[in-house]
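S.K.: So Swiss-Prot says this about it:
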- 2-400: domain 'Ketosynthase family 3 (KS3)' (DOMAIN)
- CYS161: active site, for beta-ketoacyl synthase activity (ACT_SITE)
- HIS293: active site, for beta-ketoacyl synthase activity (ACT_SITE)
- 328-347: transmembrane segment (TRANSMEM)
- HIS330: active site, for beta-ketoacyl synthase activity (ACT_SITE)
Amino acid sequence: MDRRVVITGMGGLCGLGTDTTSIWKWSARRRSAIGPVLNTELHGLKGIVGAEIKALPDHNIDRKQLVSMDRISVLAVIAAHEAMRQAGLSCNEGNALRFGATVGVGLGGWDATEKAYRPSLSTGGRTEIFTGVKAMPSAAACQVSMSLGLRGPVFGVTSACSSANHAIASAVDQIKCGRADVMLAGGSDAPLVWIVLKAWEAMRALAPDTCRPFSAGRKGVVLGEGAGMAVLESYEHATARGATILAEVAGVGLSADAFHITAPAVHGPESAMRACLADAGLNAEDVDYLNAHGTGTKANDQNETTAIKRVFGDHAYSMSISSTKSTHAHCIGAASALEMIACVMAIQEGVVPPTANYREPDPDCDLDVTPNVPRERKVRVAMSNAFAMGGTNAVLAFKQV
C-alpha cells in the first residue's frame, strides 16, 4: 500500500525551551542552551557542560502514572501532548485501534536506575518497586500510549543517536503498510546523570566548553536532555479531517556501517542518504537544506562532510547545511526528533537555522554550514541525518506540501 505520510503536529522540549515555538525561536537566533550542568546529583563530578531543561512546564500527568515514570517518559509524554494539541486530534474509542506510537530512546532510564541502585548498593536494601519498568527502553512509548489511550502499534526503538529517526521511519512504515492511520513518533532522552556522563567522559568524547560542529578546533560532544514528537497521518486521513499539513515525510534511508562500535565510516552514511533520496524520488539537487548529524567531534564532522560530497556532488556546495546540536546539544535518542522540528520549521518559515558557536573554517569541512547567522531561503525539501555509534544510520527527507 503506497500511502503518503504527512506531519500535522509537533511537540518538543529541550534546554532551549519547553515547546516547539520557543525551541525554533532560539535555535533560529543561534542561542545556545549549553552551560554548566546544575544537576545536584552528579556526586562530585565537576566541570561538565550540557543543555539542561531548567524547569518542566505544567503537564497534568496523573500522579498514579507519574510514580512509574522515569524523566525520559515524562519528557516524551509532555511532547506528545503538545503535538496532539497542534494537530487538533484526540484519541477515542472510534480511532484508538488505528492510532499508535513509536518512541526512540538511545540510552534508557539511567536516572531511575542510578537513583534506585545507589542506596541499594550502600545499604543492601530493596530497590524502588518501579525501577525495572521505569528503565526499560520501551517505557516512553508505553507511557505515551497510556496517557493518550493509543491502542494501535506501540513500541520503543533504540539505536543510540539515530533512535528518533528510526522511530519516525518505523511509524511511517506502520501507516504505509496499513496497520495504522495515525502514529505519534519521535524520541526522548535524559543523559545528564552521573553514570552516563562518566561513561562519555571515559570515551574522551565530551567537549570542555561547548559544541562547535564543523569548526576548526572543535573538541567534542556536549550532551543535552529533551524530547520531540510528531503526529504522522496518512495524507488521506489528514485531508479528510481538514488538518493543517506541516510537511510530508517524503523519504527514508537506513543503513549500517558494519565497521566499528565507535569509529565512523563514510560508506554507511553515504548509503543512507542515497537510499533516502531514492525512496523520496528526489534528485540531489532537490534538497535545499540538510540538518547534519554534526556532533562536534573531529572525526565525525569530517566523515559526514565527505559522505555529503559523495552523495550530492557539486550541489553539496550550493545547499544550506547546519547542525542544531550547537544550540540544544546532543540529546541522543531525542536528537533527530528535535532536528525534525528544525527541518519542518525551516520549510514553514523559509529560514535555515545556523550552526552556532562556529569560530573558524576547517579545510576538511568546507561546505556551507550556515555559520552563526540564520539564512532566509526557500526550503522545499529538507533532509535530516542521524548516524549513531555502532554504525546505525537513519536519514529522513521532509517535503513542502
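Glycine is treated like the rest: Cβ placed from N, Cα and C.
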S.K.: If you count the C-beta atoms lying within 10 Å of each candidate's C-beta, which of the active-site residues HIS293, HIS330 ends up with the smallest number?
M.R.: HIS293
S.K.: Can you give me the Cα-Cα distance between HIS293 (active site, for beta-ketoacyl synthase activity) and CYS161 (active site, for beta-ketoacyl synthase activity) in Å, rounded to a whole number?
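M.R.: Pair distance, Cα basis, whole Å: 9 Å.
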S.K.: Do any residues at least six apart in sequence from CYS161 (active site, for beta-ketoacyl synthase activity), in the same chain, have a Cβ closer than 8 Å to its Cβ, and if so which, in order?
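M.R.: Listed in sequence order: GLY106, HIS293, THR295, HIS330, ILE332, GLY333, ALA335, SER336, ALA386, PHE387, ALA388, MET389.
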S.K.: Where does HIS330 (active site, for beta-ketoacyl synthase activity) sit in DSSP terms: helix, strand, or coil?
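M.R.: HIS330 (active site, for beta-ketoacyl synthase activity) sits in a strand per DSSP.
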S.K.: DSSP secondary structure for HIS293 (active site, for beta-ketoacyl synthase activity), reduced to helix/strand/coil, please.
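M.R.: HIS293 (active site, for beta-ketoacyl synthase activity) sits in coil per DSSP, no helix or strand.
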S.K.: Where does CYS161 (active site, for beta-ketoacyl synthase activity) sit by DSSP, helix, strand or coil?
M.R.: helix
S.K.: Looking only at the domain 'Ketosynthase family 3 (KS3)' (2-400), what is the mean pLDDT?
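M.R.: Result for the domain 'Ketosynthase family 3 (KS3)' (2-400): average pLDDT 97.
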